[in-house]
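Positions annotated as active site, proton donor by Swiss-Prot: H90. What Swiss-Prot records for F24, A58, L59, E60, A82, V83, I84, N115 is 5-amino-6-(D-ribitylamino)uracil binding site, and it gives sequence analysis as the kind of evidence. Annotated (2S)-2-hydroxy-3-oxobutyl phosphate binding site per Swiss-Prot: E87, T88, R129, in sequence order, evidence recorded as sequence analysis. The compositional bias 'Acidic residues' feature in Swiss-Prot is assigned to 154-171. Annotation source Swiss-Prot lists region 'Disordered' at 150-171.
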Amino acid sequence: MEIGQYQPNLEGDGLRIGIVQSRFNEPVCNGLADACVEELERLGVSGEDVLLVSVPGALEIPLALQKLAESGQFDALIALGAVIRGETYHFELVSNESGAGITRIGLDFNLPIANAVLTTENDEQAVARMTEKGRDAARVAVEMANLTMALDQLGDDEDEEEDEEDEEERA
């Protein structure tokens, strides 16, 4: 049996990407953003198609993502932040709530969101992971934007077939 399969597409040309970056643990978040933007450019996303906004901390990321999603101007969004256990007593709350909010926005708006909010035990772990996680967020956003657009076309193709069948029945 032969089955259809969608191949991952990392071509970023023409995609519009919104990035929300936390300023808490700023050196790590700047490292995430630098790596992310560099990778978006490498994948063909134009600088004029990227909007980067910053928020005070990880708990503010979901609201900013929601506003970007509501605008309808983006093919994918990216969340960048760093929650480090050693620096906050409410590590679990911030980690869990920001993650749940990011996921909810993506599902509510049917919009891919690459979540690169690092949750680490210490600064050293965050610094060690920031570059690769920033790059990975860019790749996830581009791949998922392309995938969701391709899957949306499946529905469009089915609608066109139904319209053609309806026209044939009326004729």
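Just so it is clear, glycine is given a Cβ too, placed from its N, Cα and C backbone atoms.
Worth saying up front: this structure is predicted, and the values here are computed from it rather than measured.
Overlay of Swiss-Prot feature records on the structure.
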{"residue": "F24", "record": "5-amino-6-(D-ribitylamino)uracil binding site", "Cβ contacts under 8 Å, 6 or more apart": "P56, G57, A58, G81, A82"}
{"residue": "L59", "record": "5-amino-6-(D-ribitylamino)uracil binding site", "Cβ contacts under 8 Å, 6 or more apart": "V94, E97, S98, G101"}
{"residue": "E60", "record": "5-amino-6-(D-ribitylamino)uracil binding site", "Cβ contacts under 8 Å, 6 or more apart": "S22"}
{"residue": "V83", "record": "5-amino-6-(D-ribitylamino)uracil binding site", "Cβ contacts under 8 Å, 6 or more apart": "N25, A58, F91, V94, S95, S98, V117, L118, T119, T120"}
{"residue": "I84", "record": "5-amino-6-(D-ribitylamino)uracil binding site", "Cβ contacts under 8 Å, 6 or more apart": "N25, V28, F91, L118, T120, E121, N122, D123, Q125, A126"}
{"residue": "H90", "record": "active site, proton donor", "Cβ contacts under 8 Å, 6 or more apart": "none"}
{"residue": "N115", "record": "5-amino-6-(D-ribitylamino)uracil binding site", "Cβ contacts under 8 Å, 6 or more apart": "A79, G99, I102, T103, A137"}
{"residue": "R129", "record": "(2S)-2-hydroxy-3-oxobutyl phosphate binding site", "Cβ contacts under 8 Å, 6 or more apart": "L118, T120"}
Per DSSP, three-state class assigned to V83 (5-amino-6-(D-ribitylamino)uracil binding site): strand
Other CB atoms, at most 10 A from the CB of A58 (5-amino-6-(D-ribitylamino)uracil binding site): 28
Cβ neighbour count (within 10 Å, all chains shown) around A82 (5-amino-6-(D-ribitylamino)uracil binding site): 28
Farthest-apart CA atoms of F24, A58, L59, E60, A82, V83, I84, N115, residues recorded for 5-amino-6-(D-ribitylamino)uracil, distance in Å: 16
Where N115 (5-amino-6-(D-ribitylamino)uracil binding site) falls in three-state DSSP terms: strand
